[in-house]
């Protein structure tokens, strides 16, 4: 059933109440989702995007009930992923000569998915327009890597509607279409979850692209997303939230997550959290077992936090697999402006904590205060864990704290191994079980330093002045300041503004 959006614009998309996995099984869509397609009927009839491929037949049948397919003059594909363009094959089988407007990269993606290079593609770039009659135009805005290289937005003049693609959306299903009609708590939780899990790696691009769009000084009455609600009540609010979230976002919050074999690491997590609360009762603290909790919720909490503590029992001298997988996710999301610490229990060798600490450093976190406990923590060891939490609270505080401790105990920063391990057999410490690792360096290791190298913040490709970039006529010995402004990253195709110096 079509839903009226504004004037001659109607929603002709598909709700998906049952979907629980997205991007394979990487994103849990616990609130379902929607695939938003829009039909514009001015002097020219335009279809913007389709729906997920599994709804192809339903989509085309519903569209035929709304409009004669042969009257569709143009199809605009903002993004070629299958949840946006999945019904193209079913639709184009009926109207094969209808022109498709998309970016150059989208042609490759669409052809790769649907295998119809004969379709009539029209490549568009930022600033290109399409006259649709009645004094109205569509303006196209390329948004590469938000979140695919082929992505773009489409703006409709006069009606002042921005068809924003994945940006500003959320995997959220509701019978109501507009943001002012749905549960606001649910809505904004899903917006933040979406940003944290999908768009965080591209935060710098989000900021740059939003400012580029705002620089056009176009009026805005609605933001029509590809998933979730249409923003009609104060549509600028979600844009301002994106700018906030993209700017090294953090709250006064600490997240702990762990996996454990015998509950020993869980006991450590509980005690550390108690210690944090002793010193800073105002900070929000959440604890998650990665084997039992929703992964995307944990990642959202890490995104919100000023710091994260990651724990694991040692198994085969490495961390437990679910913790390793979570750290791989975190590395890819490239969170900014966050501190981190590793902790964990072990029996004869505590290799997991060392590996976690290294992975956190590699992921760009400022690391401090790793903590190891041997065997099952007793009362003395748990008190060391609490003091570890107190020291974390002091070091990570965003505001002045009361310097008077709740209880006077030995600081874990000064603690060393109580009883050394024998080379032949594990020795138990004097307190029964605990050891505190030496504080780790807070400096992130750099691949190169002091040589003028620049690293792409999106794909991590490194420009080395000693090598230059011959494919773009940048000769060896060319310093970054002398590289032409037209330079593009050879890996992701983005410009100089996404590069940062390697220090």
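Our numbering is plain: 1 for the first residue shown, then up by one each step along the chain.
Including glycine, each Cβ sits where the backbone N, Cα and C put it.
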> In Swiss-Prot, the Fe cation 1 site includes 79, 81, 147. Which of 131, 159, 166 does it also list there?
Replying inline: 166
> Hey, Swiss-Prot has Fe cation 2 bound by 83, 166. Any idea which of 122, 211, 227 it lists too?
Replying inline: 227
> What's the CA-CA gap between residue 79 (Fe cation 1 binding site) and residue 227 (Fe cation 2 binding site) in angstrom, rounded?
Replying inline: 12
> So for residue 227 (Fe cation 2 binding site), how many other CB atoms are inside 10 Å of its CB?
Replying inline: 24
>> Among 79, 147, the binding-site residues in question, whose Cβ has the most other Cβ atoms within 10 Å in this structure?
In response: 79
>> Give me the sequence-ordered set of same-chain residues, not including 83, 166, 227, with a C-beta within 8 angstroms of the centroid of the Fe cation 2 site's C-beta atoms.
In response: 33, 35, 36, 79, 81, 84, 165, 169, 171, 225, 226
> Which residues in the same chain, at least 6 apart in sequence, have a Cβ under 8 Å from the Cβ of residue 352 (FMN binding site)?
Replying inline: 312, 313, 314, 315, 317, 318, 319, 320, 323, 342, 344, 346
